[in-house]
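Read the structure below first, then the notes.
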Amino acid sequence: MPEIRVTPLGAGQDVGRSCILVSISGKNVMLDCGMHMGYNDDRRFPDFSYITQSGRLTDFLDCVIISHFHLDHCGALPYFSEMVGYDGPIYMTHPTQAICPILLEDYRKIAVDKKGEANFFTSQMIKDCMKKVVAVHLHQTVQVDDELEIKAYYAGHVLGAAMFQIKVGSESVVYTGDYNMTPDRHLGAAWIDKCRPNLLITESTYATTIRDSKRCRERDFLKKVHETVERGGKVLIPVFALGRAQELCILLETFWERMNLKVPIYFSTGLTEKANHYYKLFITWTNQKIRKTFVQRNMFEFKHIKAFDRTFADNPGPMVVFATPGMLHAGQSLQIFRKWAGNEKNMVIMPGYCVQGTVGHKILSGQRKLEMEGRQMLEVKMQVEYMSFSAHADAKGIMQLVGQAEPESVLLVHGEAKKMEFLRQKIEQEFRVSCYMPANGETVTLPTSPSIPVGISLGLLKREMVQGLLPEAKKPRLLHGTLIMKDNNFRLVSSEQALKELGLAEHQLRFTCRVHLQDTRKEQETALRVYSHLKSTLKDHCVQHLPDGSVTVESILIQAAAHSEDPGTKVLLVSWTYQDEELGSFLTALLKNGLPQAPS
């Protein structure tokens, strides 16, 4: 029996280093190839030894798919392709292809040039890795080989993020990557059609969270920022270069303009220009409002937000700084945090999820004394706020996507075990489907029922709609047609269309039953008696007496003939097509009971 096997190499009951191995009908696909931001040793990369114990990875894997440019989804890609050794195709969207190498190089500089880490990929490896990338458009069906095809759907979350459908024959898996079911200030909501996959693999970062009103969150955020700068404090907002950063920049830019504020707002050097360039380049990936107003006003050209210089961190007076990366695990955001942490006037606002092991996660867990590099202790006196502007789906959004895609089974990744367990039970109760949540290295095997996809001709559907009411969503309805196979594809069409397409002439199959009737009259008179009897009995049917003496009821033909041996007996020949078998049988039984006596 065919089956689908799924093994998380990363993000199994965990957030970070997303990497899922899927085997479907003999094809092997790796979904994402991320890095764990909470580790600085080999644990940061997925354990690729699970893929194959012998032979080259390229011989085993048919392709790699990257859902978006966040490092926990693509950070291990150069390591995997250039150091572990994979030469096959890597699929991602055009924005992901453009932005991914920039973020990889930024992180490499921090890890190697500043921290001096060994066993890390080089700049050349990033370039060589990106040469293997095949960029895809949304809703484009890409044929990886003769049997394997993939298709990308809009995921929201960040610029270029996509959900992917992987299909082999009639079997399919949908992998969501990270997605957001609610539109924000610069991106639209995730969308997928009712594709009914065998398996939906969905992220579950916020498995137990239902977010409050976005407007309330925005109001609280602006209030906290405003109050801090009013009392002379500095606000640090750690963000990743693209995505949430633009969302909050648009929000603050609008507020500063409305309130006519003069307090400086800064953004990590160079990243604003890069972000601006990519949002212009991929404007079709943004939401409808930004696309509409883009010609008159580019929302990403900020008047109040300037490029940050590291010397500004020591300037007196209030300021707001957006700095990367978003989890305070390295880079400029961590440097500024160390400088400002000792002043209670200052505030750090964490707008997104932080994985375990990062400074961001530690301060959100309430730690106020941190051991930094070189065993230095840092006392945190500044105010710490968590405000979820995360571009991940919450529990309500995850349930919405499951309802939209209608999968046969669901598998949860990219979440914390306890929260995943709660969501797993909820999905099983509400949708009556099996839901799994494997740990890293654990394999889930799903048997699948082979099915044959059948297309239905538009003409047949239109005819059905004219003849009857529209089908109800949850009530099955019979559809009559002719099943034809052409070029290895099955289609249900009308019989007329089937004959035309296959070049066949129409033949009619009729059944004839003989009914013996005691009657001494002539054949014409017997036929007239039959007509009168049926006309009075069958009020809802069209009964006709034809000039040649025969009688018809709908398509059923009745003829009276003399008996060859008994002059006092007539033979009624009742003839019908297979479509009217039910009516033909009824008339035969009725006539076998005889005709009413004619008045004398």
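From the backbone N, Cα and C atoms, a Cβ is placed for every residue, glycine too.
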Candidates Asp42, Asp178, Asp184, the one Swiss-Prot lists with His68, His70, His157 as binding Zn(2+) 1: Asp178
Among His329, His361, His414, His480 - the residue Swiss-Prot places in the same Zn(2+) 2 site as Asp72, His73, Asp178: His414
Feature motif 'Nuclear localization signal' in Swiss-Prot, mapped to one of the ranges 293-303, 370-380, 458-468, 469-479: 469-479
Shell of the Zn(2+) 2 site beyond Asp72, His73, Asp178, His414, same chain only (C-beta within 8 angstroms of their C-beta centre): Ala11, Val15, Gly16, Ser18, Asp32, Gly34, Ser67, His68, His70, Gly177, Glu203, Thr205
Other CB atoms within 10 A, centred on Lys381 (SUMO cross-link): 12
Tally of DSSP helical, extended and coil residues in the motif 'HXHXDH motif' (68-73): 3 helix, 0 strand, 3 coil
Between His73 (Zn(2+) 2 binding site) and Asp178 (Zn(2+) 1 binding site): CA-CA distance (Å): 9
Environment of His68, His70, His157, Asp178, the listed Zn(2+) 1 site - residues of the same chain whose CB lies within 8 A of the CB centroid: Ser67, Phe69, His73, Ala155, Val158, Ala161, Gly177, Tyr179, Gly243, Ala391
All-chain count of other Cβ atoms within 10 Å of His157 (Zn(2+) 1 binding site): 27
His414 (Zn(2+) 2 binding site) versus recorded positions His70, Glu203, Lys462 - nearest by Cα: Glu203
Integer Å distance between the CA atoms belonging to His68 (Zn(2+) 1 binding site) and Glu203 (active site): 13
